[in-house]
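Beneath this line is the structure, given in structure tokens, with notes to follow.
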Amino acid sequence: MYPLLFRTVLSRLDPETAHHLGMAVIRVLGSAPLAPIVRAVTRPDPSLAVEALGVRFPSPFGVAAGFDKNAVGVRGLDALGFGHVEIGTVTAIPQDGNPKPRLFRLVPDRAVINRMGFNNRGAEAAARRLARLRRGGAVVGANIGKSRVVDVDDATADYVASARMLAPLSDYLAVNVSSPNTPGLRGLQAVETLRPLLEAVKAAAGSTPLLVKIAPDLPDDEVSAITAMAVDLGLAGIIATNTTIGRDGLATDPATVEAAGAGGLSGAPLKARSLEVLRLIRAAAPDPGFCVISVGGIETADDVRERLDAGATLTQGYTAFLYRGPFWARQINRGLARR
Ligand SMILES: Cc1cc2nc3c(=O)[nH]c(=O)nc-3n(C[C@H](O)[C@H](O)[C@H](O)COP(=O)(O)O)c2cc1C
């Protein structure tokens, strides 16, 4: 039914409007009277549970950052069968993000281009939401980024401010240095700038496991170098990957791609590189205790299985949720449990 709904209604709506509509439905599904009913249909098979980062993830497949920037849909997403929800990116200072339109579908590629620019209500508001959720049971990671108005040279203090507010309320903390939509952000991935940043955030995170989220556009040797550094610093793991600034190999009409403009590309076209980056990370960090969360182009249970077989501890997805609909996590969990 969802493909029909997508073709006839949702694909005609502005993508961001469709997202808000979807989130409203998710919030209703996560409300007290409905969540137990939804959960009864979607609960992941107990055999799928993964112990990682000191917690039990009910499924290896979770929601990637950017879908629930303000931690308003955690209960609903959990009820729909996602094994964890990575909220954010949250910035220390609330911000509106880039001017609209800033989200574009590339339907023939089952992809999207976004330049949202970290629109979010800020770390304090997210902390309030998480504090109310803590008894809810969902596994929650908090993804933090640099506030746009803060100079790149002052990024550390800005990340640390968010880390202090969110780490005590999260199962893990993710440092996002890989979104293409905040000027200068990806430059923080250079090993010499990344090391002091991660050291400072790790100190602020205390006992909360810290991961770093990287871009697929890094050269292979930098992926390996960042991994070695993450191991050296005692980080809990790496999330790979964010969206790409590349536009190669797309089936969508080039004029449509061109009209979308700048931003990060996600979805099916990211799959091959995301898998490659996972393999590079696992080669540089073979200890299974080092958590690798693989994300980028995952659509099916077979895709998740492929990542787990390649050494991923956990997996995430975002873009295919738009194309596959609310029972996407359930489909994946069922596919995984059947094997
Ligand atoms: C609309 C949109 C917004 C996103 N916002 C964020 C974000 O705020 N922080 C982040 O780390 N990643 C963000 N991402 C990237 C996703 O978390 C994910 O890394 C990427 O989309 C690849 O996964 P996918 O192919 O399953 O979508 C966003 C992706 C999309 C499509």
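Keep in mind that glycine also has a Cβ here, set from the backbone N, Cα and C atoms.
What TrEMBL says about a protein is an automatic prediction, not a curated fact.
FMN is bound by ALA65, GLY66, PHE67, ASP68, LYS69, THR89, ASN143, LYS213, THR241, GLY267, GLY297, TYR318, THR319 in TrEMBL, and the record lists one more residue there from ASN176, ASN181, which is ASN176. Of the recorded residues, GLY117 (substrate binding site) and LYS69 (FMN binding site) place their C-alpha atoms 11 Å from one another. Non-local neighbourhood of ALA65 (FMN binding site): GLU86, ILE87, GLY88, THR89, GLY141, ASN143, ALA174, ASN176, LYS213, TYR318, each in the same chain, at least six residues away, with C-beta under 8 Å from its C-beta.
Considering only the recorded positions PHE67, LYS69, SER179, GLY267, the residue whose Cα is spatially closest to the Cα of ARG115 (substrate binding site) is SER179.
In the three-state DSSP scheme, ALA65 (FMN binding site) is classed as coil. Residue pair SER179 (active site, nucleophile) / LYS69 (FMN binding site) shows a Cα separation of 14 Å. Contact annotation for binding-site residues (ALA65, ARG115, ASN242, TYR318) versus ligand 1: ALA65, ASN242, TYR318, each with CB under 6 Å from a ligand atom.
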